[in-house]
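Undergrad: Got these off Swiss-Prot a minute ago, pasting:
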BINDING   8, 223  substrate binding site
BINDING   110, 147  ATP binding site
């Protein structure tokens, strides 16, 4: 399995490719990592050093990869935070190049726009880029509840609201190949206190998975869930199984992180959770 992952990179900690690449490699995937930035640490610390790469830099790296003649072997493209319109455009150009070489390749887009309580935290114009250009190109989307609501204009108070919003979003996605949406964090009227729901949609079917809500809010968790879900969907061909495997692994990762009181997810220390999760969760038809 070969996955082209175009995301940010940090020297210290685990966000973007620094969160996604190691679990994917541990599970057996070859990862072709293209970094959109190289920072000392994630921006949640308030200060950092490093470089932001431009769209031309990404295009040059993609040309080099294409020159090796390997794009027909690429099974999927994974993208997350897009730092600028130029980077977003270069990522979508990369998706087009991969699909030209392998029409069966999937594009998994984590539409990083914002979050409940924080609102939109990306640059002006990027939410619209996701909505108008990335979503119509994607086979797999992994929004959180805030992003689902923003992309569709539907407020999700109940599970029925969330299902309706997901169907609206699915209609905006690519027509060729699968159309899969994973809502990575959902809290609606039916969600018990102290719990967190995840909702996945494929082929007209919805599955809900519920875990305890852990006392941790940490950068990089969304990058990990998107990468793991993509891997397991490629591996099993089934969104329900992919959700169960990815959610179980990330729960174990975050539980270990919370117990340690760490400011960074313990991607390496908790590596066994990616292979054999200590707690397994199962999704139900909803």
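Yeah, the Cβs are placed from backbone N, Cα and C, and that goes for glycine too.
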Undergrad: Can you tell me the CA-to-CA distance separating residue 110 (ATP binding site) and residue 223 (substrate binding site), as a whole number of Å?
TA: 8
Undergrad: Under 8 Å between C-beta atoms and at least six apart in sequence, can you list the same-chain neighbours of residue 147 (ATP binding site), or say none if there are none?
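TA: Those within reach of residue 147 (ATP binding site), by Cβ under 8 Å and sequence separation of 6 or more, are 111, 112, 113, 114, 115.
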Undergrad: In terms of DSSP three-state secondary structure, what is the assignment for residue 223 (substrate binding site)?
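TA: Going by the DSSP assignment, residue 223 (substrate binding site) falls within a helical segment, counted as helix.
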Undergrad: Given a separation of at least six residues and a C-beta threshold under 8 Å, show me what packs close to residue 8 (substrate binding site) in the same chain.
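TA: Listed in sequence order, they are 15, 16, 17, 18, 35, 36, 37, 39, 80, 81, 83.
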Undergrad: If one looks at the chain holding residue 223 (substrate binding site), which residues at least 6 apart in sequence have a CB under 8 angstroms from its CB?
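TA: Listed in sequence order, they are 7, 14, 15, 16, 17, 19, 20, 80, 110.
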Undergrad: Around residue 110 (ATP binding site), how many other CB atoms lie within 10 A of its CB?
TA: 30
Undergrad: Which secondary structure state does DSSP assign to residue 110 (ATP binding site), in the simple three-class scheme?
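TA: Residue 110 (ATP binding site) sits in coil per DSSP, no helix or strand.
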